Ligand code: NAD
């Protein structure tokens, strides 16, 4: 276990069980150099404890990098609750998790993530103040979309020489909470939209409301366009899919878009500019972190401009050093986290 933690450069790992509610939870604090660790809580059925530990380690590290590049005084952490096959009282389980968080004295702040809702966060909030994205705080997705929109402009400027999106062809994979809000902003800015989603109703809505052109799911990645915006699941950029891309740049909301780190070099070799996912999709994190600190919506919106500034800085270094933007972003994050 210690070797695993050292490899991940993890600060601490915390476990809790509560037989009364069925809680089995793990909290990973990756790096708190810049502030208390903040990161979502997943509630998923894991095959075994090792898979849950692997997941929480990987995700906690990602949060440190994301918070550092977003200019937040926040460290990176993550929690997983192993979802039992049957749970008697979900509210009681999340309350028990709230008591667990409270024992860490503010070193970890939790938030909504896969499998959890703002109602679960409300249960946690009954026992600790170290929780964000409660029902009172609202959905961070619109802020993620605003950040991605600003990031697309920065990407267009760097790759195509202008941040005017009028007439730009943007292909969006996934029209969920973030993807649809992004599509609305792009439409308002005059972009031409090509869209796909596993849910046909979401595609239809974009066709009717935004004049988007529907594309079959399996064809979207290879569609000719200026910017490809992956806003569905992670892992969409593999050696195979990158060889099929016909876009100038990739800039979207999905987490962990690169199937592996070296795929960023494939994109670079093909002349496709890649906006590192954890930089461009940091709007939601900025929202929950600053909201938790009591900042106003005006201050939060102003902080979102960090995203395009940071991307422009990364693209500049990448061009000068002939390196992929993903590798430049990692290097900047590591400098901020480890000095
Ligand atoms: P969501 O679940 O609301 O929407 C995802 C959409 O993508 C769904 O409509 C789904 O049907 C579609 N989809 C999934 N796989 C697809 C495929 N192969 N082809 C076409 N469509 C597909 O999720 P969301 O909250 O909009 O988040 C989207 C992505 O952005 C996720 O990767 C998420 O981790 C990431 N992200 C979200 C936030 C946020 O604030 N919600 C913040 C940072 C990152």
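Glycine residues also receive a Cβ, built from the backbone N, Cα and C atoms like all the rest.
Of all Cβ atoms in the protein chains displayed, 29 besides its own lie within 10 Å of the Cβ of residue 78 (active site, proton donor/acceptor). For 78, the entry in TrEMBL reads active site, proton donor/acceptor.
Reduced to three states, the DSSP call for residue 175 (NAD(+) binding site) is coil. Look at TrEMBL and you will find 174, 175, 176, 177, 178, 179 tagged as NAD(+) binding site.
Among the recorded positions 78, 174, 177, the residues whose Cβ sits under 6 Å from any atom of ligand 1 are 174, 177. In this structure, the CA atom of residue 179 (NAD(+) binding site) is 24 Å away from the CA atom of residue 78 (active site, proton donor/acceptor). In sequence order, 196, 197, 230, 231, 232, 233, 253, 254 are the residues near residue 174 (NAD(+) binding site), counting only same-chain partners six or more apart with C-beta under 8 A. Annotated NAD(+) site 174, 175, 176, 177, 178, 179; additional same-chain residues within 8 Å of its Cβ mean position, judged by their own Cβ, are 141, 172, 180, 181, 182, 197, 202, 231, 232, 253.
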